[in-house]
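Q: What TrEMBL records for this protein is below:
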BINDING   LYS218  ATP binding site
COMPBIAS  479-490  compositional bias 'Low complexity'
COMPBIAS  495-505  compositional bias 'Basic and acidic residues'
DOMAIN    189-428  domain 'Protein kinase'
REGION    434-505  region 'Disordered'
Amino acid sequence: MSPRQIPHPQTILWLVPNKKSPKAKEMLLHPDNKKFVSLCHTNPDMYGLEIGHHVPSRPRPLVIAEVGKSISQVHFSFEIHPESHQIMFWDRSRLHTTKIDPDKFREDGNFRKIVLNTKKSDYTISAGGEKLDQFVFHVKWSRKNKSQMVDARICNSRWAPTVEDVPMDLTSWYNTRLHTPAIGAVQRAIIVEDLGGGAFGQVHRAVDADSGCLIAAKRIKVPGRDDVLQREVKALSSISHKNIVEYLGSSGWGTETVEIYLSLKSGSLGDLIKQFPGIRTNKVVVWRLWHEMLQALDYLACRNWIHRDVKPANILYTPTGDNNYLFQLADFGLASQQQLARTLCGSPLYMAPEIRFETHEQSPKADVWSLFVVLGVVTQSGNLHDPRLAQYNDVLQGVKDAAIHMPMARQDPDLRASAAQMLAMCFNGEGLTTPRRQIGPVPDASSQPSGQRDRFQVPAPKGPKPDVPGLKRLRSVSPKPAAKAPQQPKYCFQTEERRPWWARR
């Protein structure tokens, strides 16, 4: 049977023998392989072994083609990752006598597989022999656009993953190695698509080049010294909490662009609200959001860390069941240890008064204020969702309207409740990181002398009025201040009637 001039339509790539590798050429002539040999699109005089779903394989349904049974039972294989649909090249030889250039396998030996980047056209695969040169092939890609390549990978249900074929779960593998200094869980990635900008950098959907799993890659250009960036990575790499997005590794240090790798989530809280507006009035979801974010903030506060940019875009979600979600705090581009926090930063709408007006030392209680504003925006309390809010005084009034004496919303940070105090008071301490013995009572604002109670005054802005991006100026009169409420007992949550609706069970 002579080689076909037209390749099979499901061909993804060809293995073309190196001219100096006679054994590789012999493989094309093997009786079992002849029907899969065809003319490459990339070179009219070049024949290669087709790799695609039409090539039968055993014993794994995910395997596209297995090569080299004479030198090892299965020497290397091409497979489709069940989640990302990336083409994986596996070294399945017992003595690891397979190599691939130019990307190579990881030197630490944790992976003997690699994602093949369809944008690269210079892969060379070598296998067998003492010098790994017994079989030498060049990878040549089929001439298909991106959508056709994806369709070719998932078109046939025969290649659906089975339990025994699915790779080890990415998170479980990372969790066992995340804090091992010698091993970075993710060391390199292939960018798939842009997800938008974050603090200090652009965020992309990517795949781990070694496992094939989907991840988020934050690509940051470093103009000079990378002290600030190293501070961010130091924060991320030392954090381990279920309500804080997982740090998976980084690369590119010493270059102009550094990549930080994080676990990929379904989207942000803002995305969730846009997709499901009914979430705003779902007490169970809002209660869970409040509880889980308090846990994240208490964890940070216990380590003397301030996030300083808590907002819906930086709260990510993962569906966990019918109408249930796991919420995680993300984007630590503005995070800082408490003693280093001096700069004005954060998103204006969610900024605590002491940061906006520089009246107090910054503390983790600034994040508590921001979280309360987030809850107000989500539930549309106090008109905080109104895009016409232009002046910061309007934001302050909106917070007061949302909850007159809510401990989280006190302008004076000395009188404001901490995340730990809110967890102890409203959730019976469930999810606390701070030891209970270190948690004092919430300051009683009503028992302070009037002079002290009113000592926090919002100063008049200095200089020209700041230009707040994304917020339109009010064309109408600012909301009227709420009527002065009677003094509340020591804890504002002692009665259900005094809680905002989303805080009632």
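Glycine is no exception: its Cβ is also placed from the backbone N, Cα and C atoms.
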Q: Tell me, how many other CB atoms lie within 10 A of the CB of the residue listed as 'ATP binding site', whichever protein chain they belong to?
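A: Taking every protein chain into account, the count is 27.
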Q: According to DSSP, collapsed to three classes, what secondary structure does LYS218 (ATP binding site) have?
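A: Strand, per DSSP.
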Q: Averaged over the domain 'Protein kinase' (189-428), what pLDDT does the predicted model reach?
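A: Computed over the domain 'Protein kinase' (189-428), the mean pLDDT is 82 on the 0 to 100 scale.
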